[in-house]
């Protein structure tokens, strides 16, 4: 789940209160 506010599309929580880009996003 997601804990707290979700990150932008294509990003996910880095577990330290920030967001990091989702490496798998848009890779088709």
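Backbone N, Cα and C define each Cβ position, glycine as well.
Per Swiss-Prot, the feature 4-hydroxyproline maps to 6. Listed in sequence order, the same-chain residues six or more apart from residue 6 (4-hydroxyproline) with CB atoms under 8 A from its CB number zero; the list is none.
In the three-state DSSP scheme, residue 19 (disulfide bond) falls into the strand class. Feature annotation from Swiss-Prot assigns disulfide bond to 7-19 (among others); the stated evidence is experimental evidence.
For residue 10 (disulfide bond), the same-chain residues lying six or more positions away in sequence with a CB closer than 8 A to its CB are 21, 22, 25, 26. Positions annotated as disulfide bond by Swiss-Prot, on the basis of experimental evidence: 10-25 (among others).
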